[in-house]
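Novice: Sharing a structure here in structure tokens format.
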Amino acid sequence: MTESKNSFNAKQTLEVGDKSYDYFALSAVKGMEKLPYSLKVLGENLLRTEDGANITADHINAIANWDPSAEPSIEIQFTPARVLMQDFTGVPCVVDLATMREAVKTLGGDPDKVNPLNPAEMVIDHSVIIEAFGSTLALAKNVEIEYERNEERYQFLRWGSKAFSNFRVVPPGTGIVHQVNIENLARVVFDNNGLAYPDTCIGTDSHTTMENGLGILGWGVGGIEAEAAMLGQPVSMLIPRVVGFKLTGEIPAGVTATDVVLTITEMLREHGVVQKFVEFYGNGVKSIPLANRATIGNMSPEFGSTCAIFPIDEETVKYMHLTGRSEEQVALVEAYAKAQGMWLEQDAPEAEYSEYLELDLSTVVPSIAGPKRPQDRILLTEAKEQFRKDLPDYCSAEPVDESLPAKRMDSEGAVQKEGEDVAGYNSSRAGHGESAAEGAAGRQSNPVVVSSPNGGEYTLDHGMVAIASITSCTNTSNPSVMIGAGLIARKAAAKGLKAKPWVKTICAPGSQVVDGYYKRADLWKDLEALGFYLSGFGCTTCIGNSGPLPEEISAAINENDLTATAVLSGNRNFEGRISPDVKMNYLVSPIMVIAYAIAGTMDFDFETQPLGQDIDGNDVFLKDIWPSTEEIEETIAGAISRELYEADYADVFKGDEQWQNLPTPEGKTFDWDEKSTYIRKAPYFDGMTMEPAPVSDIKGARVLAKLGDSVTTDHISPASSIKPGTPAAQYLDENGVARNDYNSLGSRRGNHEVMMRGTFANIRLQNQLVDIAGGYTRDFTKNGEQAFIFDACQNYKAAGIPLVVIAGKEYGTGSSRDWAAKGTNLLGVKAVITESFERIHRSNLIGMGVIPLQFPAGESHASLGLDGTETFDIEGIEELNNGVTPKTVHVTATKESGDQVEFDAVVRIDTPGEADYYRNGGILQYVLRNMINA
């Protein structure tokens, strides 16, 4: 760490018990005491890293004199204390770092300089896929398959953990990165050789903001930005606007943390908080348990803010003690926060904010969200009605004719294979005439009778719940909703209720602690009675690793075009994300996952319809089995303790026997295997010189894709399974990979050849240039014929034709995945023109040398009459060669008729630092050149 110039004489001593720490006191700078908590953290960061060049006294004064009403205009350099990664985004980071070592050597530099300067930690959580479920064998089987598929990736990561200093890997099977972070990795306050400072952390996953619940300032970034931060490059940002979100009242009985966070998500997305900090304050904060705060922080990317932070208070240190942090660490956090004015005092004057919102927690009611966006909140009491309103958008709208018999699937070949019970087939799930078409009058219906391999039959229909998954760090980190799920399962099982036989039931907690307290509370037997067996420790359903549905169910859905649904306790429900067989996805609490598994359909009113009958034939309603707040709290008190966390995290980096026995390559540089379909040397530095080439205007570009609103990074670079016949599958076929070994696109992010072919390949992508969903476009080198996007890009590249993408609002929402920008770059796209961008993806595009542009205010591709067949010329980019970032560039779109549409597009290069990245062809090239010149 570079020694601070300490212009304000802020370095002081803090006594905590019998230990002394140095720290940079905010009280040394007038004005800092009035700032919101989040800006105090930024202020300390600048004080501590002041070098007189990139970070000066003027920057420190600028934040101390922050004007809440001003629009962001002052650039600062933020230096995070650490970097957090998961394996899907982390593998390409390590690939890039390994490639950079070779590039530095080639350009005459010292390859040993390519090393993380601050702690960088990775948790392997994105690779486990739920192939097996509904059995005690499910966990072992899924782990076995995970290692078989990912051995090469895991060997590479083990090499990285030895080859790079300051880089540690939490092995697979431990939990989900954000849950492991808040339960173990997060420091809250760092002790770096006697220097105390706030724990700040950026991560290669957008839900890194879960740590905001602990008072840790941080957010998700693309992998390329994380790599730069690891190598000492500060994060360039503007001092943001801060939205103060006042919480009052208390959460009422029967309302879960999930209900609260969905309400907040709806409010903030409607308000508009992109590029802003959100900070929670008010008397209601003290009543919110830390786990609930973490759940709220986790959803920050879903409402679009940079962070969603809670200050440090008594609840913070209480949670740190519970989760096994040392008494010395807990004492430091409390003393430091109080010394810096970062401790939440209930009677302290409120900070001034840029904008204000308020929520009385007592007004929150049970809710779900869907069918395709987290902000689309639905009152539980209106869920059936809303489902029926949305259904016509997903299936043909013929009226129901209940006199017609249900179709019957041919059961030939539906024979149970040896060991198939681990995939969810067991006698209790055989089917005994249950029907998802019951009560279908008034909605679209297409009943299909399916025979179970175990005997019996059942009827599927639109709205059937195909997947019910207790998943994701968002909720599995929260004991109240997880214990609640176990208790509702206990009550349901006692009354003889079961999940419907067509529901794939999954329980995949975010840490082993959940398994521990379920065992202590003896809840597993109750969950298992409803089909919810332990399936894995990882992200699973939430990122699309739901695994295949049973063959006969998948066939019935696809052959009859049924609109299947999924319910999950996750944070994202974007189209095509959860399963290729599922069209409508709903976010619900873990408790409601159980309820919907029993109901078996989204076409269900929990107030008026019984879930079933008990052994005496009495109707059982949701209210009859809903656990009380007292029951949940009593169970938590008896099942959860500090010792549980201490035992599970005693040696978090060690891993199981399989991990320890993996053969691991040696050496400072990696020995690339050109035949590998998982790990390939990155192409970003090929042909790179020490002097960057001048940037140039874009001439004669064609439109690769014309897209609508809310295009997600899932649409751009899906992480899901690889569909046979697509360019990515063709590449794997050509390289001898069997279809059942395709794995997922996310698992192959270390191979750019696969990822290029998977870019814009989401099965639900709606490219308005063509009339079919998926990764298709029109190839204007072939007279505009329909083609796979990758194939068309190869033809454009051969012809020397640059490409542009045009889109609507909220382009790039969702995951932080930098492959959405990397793939865009490698396909030959030079500019993306939209109505608005989501924060992380805009930054990632610049980091990969793609210029983000916005249509003039109030304009869109539709209002300008652009249909995507035009040829685009973009003038004014070359001003960047003169050290000037133009406010706008001139765009001329020439139609096939010769008519022209002209407009001035807003350049979304927002900071001088971003301009430097773009001039260098990307952030990694910029960092590499600076590293060699240092």
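Just so it is clear, glycine is given a Cβ too, placed from its N, Cα and C backbone atoms.
Copied straight from Swiss-Prot:
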REGION    398-454  region 'Disordered'
COMPBIAS  404-420  compositional bias 'Basic and acidic residues'
COMPBIAS  427-445  compositional bias 'Low complexity'
BINDING   Cys473, Cys539, Cys542  [4Fe-4S] cluster binding site
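So where do these features actually land, and what's packed around them?
Specialist: Cβ contacts within 10 Å of Cys473 ([4Fe-4S] cluster binding site), excluding its own Cβ and spanning all protein chains shown: 31.
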Novice: List, in sequence order, the residues of the same chain other than Cys473, Cys539, Cys542 whose Cβ lies within 8 Å of the centroid of the Cβ atoms of the recorded [4Fe-4S] cluster site.
Specialist: Asp125, Ile176, His178, His207, Thr471, Ser472, Thr474, Thr476, Gly510, Gly538, Thr540, Thr541, Ile543, Gly570, Asn571
Novice: For Cys539 ([4Fe-4S] cluster binding site), which of the three DSSP-derived states applies: helix, strand, or coil?
Specialist: coil
Novice: I want to check the contact list for Cys539 ([4Fe-4S] cluster binding site): same chain, sequence separation of six or more, C-beta distance under 8 angstroms. What comes out?
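Specialist: For Cys539 ([4Fe-4S] cluster binding site), the qualifying residues are Gln86, Asp125, His126, Val128, Ile176, Thr471, Ser472, Cys473, Ala508, Asn545.
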Novice: Looking only at Cβ atoms, how many others are within 10 Å of the one on Cys542 ([4Fe-4S] cluster binding site)?
Specialist: 29
